[in-house]
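These notes concern the structure reproduced below.
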Ligand SMILES: O=C(O)[C@H](O)[C@H](O)COP(=O)(O)O
Ligand SMILES: [Mg+2]
């Protein structure tokens with residue numbers, strides 16, 4: 001059906017929330033912008049998670065945020081008051097590691113140069129892939145005399161770029177050097193390409209924006225692992241067997257979360273606590289349409305008290 005005809009259904013009343021919840025058994029929950037902003041859990045989220053689980057609903061967490069491993073996400077969840085196990089968590093770092101190991105059959109004698117944080121390094125290590133970079137070059141201020149210190153490294157079989165609070169010119173110059181060596185033929189991979197992400201006091205540049213200098217300099221498009229792309233879909237459906245007709249993706253971004261659900265042929269609920277707006281979703285020219293829209297996932301807590 002043409003997207004201009006699909007009109008998302010706005011959920012606003014407790015009766016509508018209840019009728020919505022009765023349709024689904026499994027909820028794929030995005031994290032940044034749905035559950036929290038950074039480490040600030042949004043209002044009603046803890047009550048909603050508790051209520052849904054008490055009513056037998058399955059919650060799976062699917063995040064493009066590659067900064068933590070699943071093990072460290074479990075610790076974050078627990079610290080914020082949400083029980084979770086590694087098997088309930090799908091991050092773009094995990095999808096990247098699975099893709100390098102299972103799809104690319106990454107050579108044993110090669111390493112990955114990482115622009116990003118511990119989540120990527122740890123998940124690669126979990127599948128037996130060695131990496132370099134990441135925090136090695138944090139805080140390194142280059143001078144114009146330093147270019148000679150950037151050398152080729154034939155052991156680099158891939159460059160993986162994820163969210164990196166400590167991005168700097170040296171990291172970009174090293175990644176460019178490895179990727180620009182045509183004989184080396186290193187893979188260029190982004191964990192995700194979100195242009196922005198929601199923090200407690202606004203939105204900020206995301207991984208897709210951080211990687212743009214490399215994309216422009218190389219004139220080359222990377223492979224992207226996270227939502228809405230196939231590697232994350234394959235990673236999820238290889239590990240989770242749910243009834244698609246009783247499964248719903250909940251997210252704050254049209255171009256990652258909602259598109260991921262559309263690509264996975266499951267229903268989608270867009271919440272307005274993150275990046276995408278109701279006007280964007282309702283725009284007849286918008287090609288990506290959520291099945292439902294509501295203000296906040298935390299509003300489901302009102303059903304319990306109804
Ligand atoms: O820039 C990023 O890495 C992403 O915007 C961000 O972390 C998205 O996380 P999600 O909303 O998928 O949990
Ligand atoms: Mg999000």
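Glycine is treated like the rest: Cβ placed from N, Cα and C.
Remember, it's a predicted structure, so these values are computed and weren't measured experimentally.
Here TrEMBL has 30, 32 binding Mg(2+), and the candidate from 193, 234, 243, 252 in that same listed site is 252. With a cut-off of 6 Å between Cβ and the nearest atom of ligand 2, the recorded positions 32, 227, 252 reduce to 32, 252. The Mg(2+) site, placed at the center of the C-beta atoms of 30, 32, 252, has further neighbours from the same chain whose C-beta lies within 8 angstroms: 31, 33, 34, 35, 63, 197, 198, 251, 253, 257, 274, 275. The recorded positions near residue 252 (Mg(2+) binding site), taking a 10 angstroms Cα-Cα threshold over the set 30, 32, 227, are 30, 32. By a simple count of nearby Cβ atoms, those within 10 Å, the most crowded of the recorded positions 30, 32, 252 is 30. Residue density at residue 227 (substrate binding site): 32 other Cβ atoms are found within 10 A of its Cβ, drawing on all protein chains shown. For residue 227 (substrate binding site) paired with residue 32 (active site, proton donor), the C-alpha to C-alpha distance reads 13 Å.
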